[in-house]
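According to Swiss-Prot:
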type    : residues                                               : note
BINDING : Gly91, Ser92, Val93, Ala94, Val95, Gly96, Lys97, Ser98 : ATP binding site
Amino acid sequence: MSNEFINFEKISRESWKTLHQKAKALLTQEELKSITSLNDNISINDVIDIYLPLINLIQVYKIAQENLSFSKSLFLKKDIQLRPFIIGISGSVAVGKSTTSRLLQLLLSRTHPNSQVELVTTDGFLYPNQFLIEQGLLNRKGFPESYNMELLLDFLDSIKNGQTAFAPVYSHDIYDIIPNQKQSFNNPDFLIVEGINVFQNQQNNRLYMSDYFDFSIYIDADSSHIETWYIERFLSILKLAKRDPHNYYAQYAQLPRSEAIAFARNVWKNVNLENLEKFIEPTRNRAELILHKSADHKIDEIYLKK
């Protein structure tokens, strides 16, 4: 174990799955398929072995958060205010963050049927393409400087204080922020925040996004495996884009397969891999839990902060 993981307890899949006794997955195969991202691979057994114990662990943290909030209120002689439980999920492009986020949202909704469970992605806090072009940053999209961190931190602050908050909406089909469209959040019980940058402290030194998190997860994998998944996903996106001339990726959809693969590999090497190695992976040890994936997308190791 490297020094980076010295403060984590390594748990094998076999050991982890014994931490939950229920054999029921809480969702159907059809529901699981509907929330699984392109070229991701997850089974009902993965839900039972990995995610049901994870739901148990999140409940442990939520109870601890509520107890601490109660004790603080007594100490300060103030009325008790239950705040939203915020979960941050980070990891590389194409590693499976979206699948994990949607699955957790569904499972938390099933295990807490009277609770409001919401999901937001930090893609919505990217600057619009026009602004990135004007600043000469379009080729740096996804890097720290391409996010409106002040807006994102203000959003999280509003959520944490029980206020109604609004998030911009990003479309991968148009590769841009959707003008005049907002996603509203009205004091949810749980909020899942998913994005490559959720543990970073970009342009603002006041605080980290993770200061607002009650629990946090990093999805990890060998970069060579993620490269393969990224290229496979890119090819799948091109197939879909052929049917929609307005899709951003339609301009690449007619490329011969070999050229499309070469293009995707170049983007991976010069954009996504650089971003991963310089800005995303170095934040890994800020997570409470690291889920490591093997080449077949299966989670084989779990690291829990001590």
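Cβ coordinates come from backbone N, Cα and C, glycine included.
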Any same-chain residues 6+ apart from Val95 (ATP binding site) with CB under 8 Å of its CB? Would you list them in sequence order, or say none?
Ile219, Asp220, Ala221, Ile226, Trp229, Lys293
Can you give me the residues near the recorded ATP site, meaning same chain, not Gly91, Ser92, Val93, Ala94, Val95, Gly96, Lys97, Ser98 themselves, Cβ no more than 8 Å from the center of the site's Cβ atoms?
Ile196, Ile219, Ile226
Which residue among the binding-site residues Ser92, Ser98 has the fewest other Cβ atoms within 10 Å of its Cβ, if you could check?
Ser98
Site with most surrounding Cβ atoms, counting all protein chains shown within 10 Å, from the binding-site residues Gly91, Gly96:
Gly91
In three-state DSSP terms, Val95 (ATP binding site) is classed as coil
